[in-house]
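Over in TrEMBL, the protein carries these features:
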type: ACT_SITE; residues: Y187; note: active site, proton donor
type: ACT_SITE; residues: K258; note: active site, proton acceptor
type: BINDING; residues: R240, N499, N545; note: (S)-malate binding site
type: BINDING; residues: E329, D330, D353; note: divalent metal cation binding site
type: DOMAIN; residues: 164-344; note: domain 'Malic enzyme N-terminal'
type: DOMAIN; residues: 354-614; note: domain 'Malic enzyme NAD-binding'
Amino acid sequence: MQYLIQRNRETACRVRGLRDTFCLAARGPRAALQAQQPEYHHPDRLFAYTLNLVRGVGSRDTSEQELPAYAAPLQRPCIAVRKTGYDLLHDPWSNKGMSFPPEERERLRLRGLLPPGHLDMDLQKQRLMEEYLRPLAMVPPEDSRLGGVTSEMARRWALLQALQDRNETLFYSILTQHFVEMAPIIYTPTVGWVCANYHKLYRRPRGMYFSSEDRGNMAAMAYNWPQDDVHAIVVTDGSRILGLGDLGVNGLGIPIGKLDLYCAAGGFSPSHVLPVVVDVGTDNEALRQDPLYAGLRSSRLTGPDYYRVMDEFVAAVMSRWPRAVLQFEDFSSQHAASLLERYRHHHCVFNDDIQGTAATALAGLYGALRVMGKPYSELAEQRVVVVGAGSAGMGVVQLVAAAMEKHGLSPSEAASRFWMLDRKGLITTRRPGLQPHVRGFARVEQSEDGQSLLEVVERVHPTMLVGLSGAGGIFTEQVVRTLDRHCSHQRPVIFPMSNPTASMECTAEQALTWTEGRAIFAGGSPQPPVRLPGGGEPRPVAQANNMYLFPGIALGAFIGRTGIINEDMLMTVAEALPNMISEEGLRQGLVYPRLEDIRAISARIALELCVTAHRSGHLNGPAREALAADGGGVGGFSSSRGVGEGEKSLLNFIVRSMFWPEYKSLVLLPRGVGE
């Protein structure tokens, strides 16, 4: 934070210096010339008079106190336009960027298409001239908080962003073909750098902006978006962006990057997705003091006012696009779970931080059992230590516990298989103020409240260690070696799932070195292959990345018109994912399949979700008709009877419904035709 404040002070100093030289022109060219020098004297008196007229000096014969004579305007004081909305913003002659005043935003249907902040021409010139003279002061890619981002990654992001602005079809074709290489550029970890600097990188409007100042108008604003058929919406309030905290309206970079993955991995059409940020203010003082910040400069809303804003937003977008999948992304723990619960029974709502992370973790644990040659039912025998009791951590605990119940444990027996820790140590029922969903998994041994991670590992001999704390390095060598020492009957499972890299509880190299290669590992951020002491081929490392599941979950929910994403669906897709690991991958200790096959993975996940939805009566529309091809069979790929004709028919329908980036013939329609 101090770094950002200092950088913004330096920026403000440079901006003040630029005002004297460049920014008086914001008051008009005459004002700028007049400020540079007083009334001009020249041997050629007519030329001198001309110069003074241009500069606005000495051109009036009346004193300041006298009313000047009326002069009929020779130029129109306004410009008539025939475009509105995005068409206007993409017209370089009419576009003012963030200088459109509120009344113009309203009448030209721009409200919600631009950030809520206002930058007049003076500030726009300051921004351009500062960058013209020297690069803008930004959070550098190598900042340790960003976790492994490099200047080269930032350069590649800028290149791909420019391509996306020019030619989206080509952009998605390249991204699909080079997905494994480019996903870290488009999304984590590079997207963290993008969000930290979004107010300085902003060039072209993308997505929608709703704010607390739009209350009472959001339903109308939704119709400013040019697409009548939106299939997926990803929204954030910018309150918890990766490991960077509150970034306010800058958080829009997360939904943009997420939906790029929806399109490349899940086959959503780019013209049918909508990234959104709901700006309720920010508590990030460095951003509030930055003259280029484009969001509200007020403190964050809390309490009932916050939920009123979110209620109006959800009602507005789901009223216009009732079939869309609405995904919440990077909301603070204070609101994430309550928002999910508030809307999930009314709309097709999904929170990837809670549900996606939980399903990905469960899939990875099942994958670890497959690596060890154990059946899924062995999950009920595991002792699981989870570090991090926020919304993501509790989502993992709840879904894994539900899976244990599926394998025969009672709810109390399943809860007894977990030990949860937060920054205060082991959580027991002695801890005051626990939320109900946390209290259900608190240990009853109150005398052990607050025990350290090492003490817990030494005492309970866990078999699985999961990190969702954001506390980089908390899985120390002593902790990992102690875990390994007590796992004599099976290999230790270590999942430091926090991201970015700097927030991971340990690295793959550390976990594999300290356990002499015995650990089954999956990390929250990409890790390079590890070469163990003693030689041999480098060992590939699995990444516990939600992108294995969220594109397919959203695709299945939309195509199947399920109207809901419930626990049974999440558990089914978590069981299906490890079945896609190749035999070679299992030998290498990989708990997830190859990302190179992400489109096939997403199609298979969508199929499994639809099949599960059919069992509970939630499958509708053409997907239901396709599945009924063999009389309504609901076997799924993992069933013992194999793949029925209904599953084949539904899978074919899913794949054919996916967006494939390729050039198609364009047809010119006159105005009014097909609109």
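Going from the start of the chain as shown, residues are counted 1 onward.
Glycine too: its Cβ is placed from the backbone N, Cα and C atoms.
Cβ neighbour count for R240 ((S)-malate binding site): 26 (other Cβ atoms within 10 Å of its Cβ, all protein chains included). For the domain 'Malic enzyme NAD-binding' (354-614), the model gives a mean pLDDT of 95. Within 10 Å of D353 (divalent metal cation binding site), judged by CA to CA distance, lies none of the recorded positions Y187, K258, N499, N545. Cα separation, N545 ((S)-malate binding site) to D330 (divalent metal cation binding site), rounded: 15 Å. Separation of the C-alpha atoms of the residue listed as 'active site, proton donor' and the residue listed as 'active site, proton acceptor': 7 Å, rounded to the nearest whole number. Of the chain residues outside the divalent metal cation site list E329, D330, D353, T236, R240, I254, F328, F331, A336, N351, D352 have their Cβ within 8 Å of the site's Cβ mean position. Taking Cα separation as the measure, R240 ((S)-malate binding site) is nearest to D330 of the recorded positions K258, E329, D330.
Within 10 Å of the Cα of the residue listed as 'active site, proton acceptor', the following binding-site residues from the list E329, D330, N499 place their own Cα: E329.
E329 (divalent metal cation binding site) sits 14 Å from N499 ((S)-malate binding site), counting Cα to Cα.
Cβ-based neighbour count (10 Å, all protein chains) for the residue listed as 'active site, proton donor' stands at 22.
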